[in-house]
Amino acid sequence: MASAALKDELDIVIPTIRNLDFLEMWRPFFEPYHLIIVQDGDPSKIIKVPDGFDYELYNRNDINKILGPRSSCISFKDSACRCFGYMVSKKKYIYTIDDDCFVAKDPSGKDINALEQHIKNLLCPSTPHFFNTLYDPFRDGADFVRGYPFSLREGVPTAVSHGLWLNIPDYDAPTQLVKPLERNTRYVDMVLTIPKGTLFPMCGMNLAFDRDLIGPAMYFGLMGDGQPIGRYDDMWAGWCCKVICDHLGLGIKTGLPYIYHSKASNPFVNLKKEYLGIFWQEEIIPFFQSHTFSKDCTSVQKCYVELSKQVKEKLGKVDPYFLKLADAMVTWIEAWDMLNPANNGSSK
């Protein structure tokens, strides 16, 4: 695959509060692509971007100006603000990465081109309906094993490619507290399709997706400033995306590529952000596991709006936060359709 595959069809979205020196390391891989930088926090702060990158930068003032009253659905003081970048992009594919993620090395010591692997994952089918014991049958050197039904070998379109991390694992605060020195050094050369009907914890720091197929469901929720919860933005988006992908016949892959996650966040700060979510997820997960869509849900937008009604009705009993979140889900779809009128999936 050419080093700049899909260069005119993919945007890289980066949420940040600091200068983007980390891009120097990614220059060989990212420089051909367009970057969308979503600046969180103080909009008067100047964010420096290394020379040579093609980018647009949005701060809170820009978000308020572009979305008007609908900007209320975009989180503040939380990396969940990145989903604004998904909304303003005009490309088919999105890759999003955190600014503390560096280039990882494979076991031979070679730099890993994470973007190239994500593109490979997205451009070949997923197999959610039947598990292939040799993992991704579309990778070089693999295939469908004996006993795999021929009727299912075409697979389904891949909507999401979920990458992993070497060094600092993506743990919750209680796990961080009991394993403060644990580092992920295991490089597993594997890509899997997550089976239909199975939820997973989606991490947003090394993630790619097909915006045309699943973009309107990639809402990272209401987190951070003024909200009772944080660090569940990508989880929420992952649960919503998974049930919608299952309904619409789309696939999600996880595994390669790896990035190097350079620094652990403070577990005590994380615990304050997460502790309600740790309780709530015991109700949220069964909600998503038992959720079914009506036959009228033929587009991502229609699925998402119907899901928001169920969130209000069923999770609203868990905490009033979910009433607010359900309203924000609808506002998000309205804002998405406003900025993407040609691809609005007629959610009304």
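Every residue, even glycine, has its Cβ placed from backbone N, Cα and C.
TrEMBL labels come from automatic prediction, so no person has curated them.
The N-linked glycosylation site annotation in TrEMBL covers R146. Feature annotation from TrEMBL assigns site 'Required for activity' to R146, R153.
Remark: of the recorded positions R146, R153, the most isolated position is R146 (fewest other Cβ atoms within 10 Å of its Cβ). Across the structure, the residue listed as 'N-linked glycosylation site' and R153 (site 'Required for activity') are spaced 12 Å apart at their Cα atoms.
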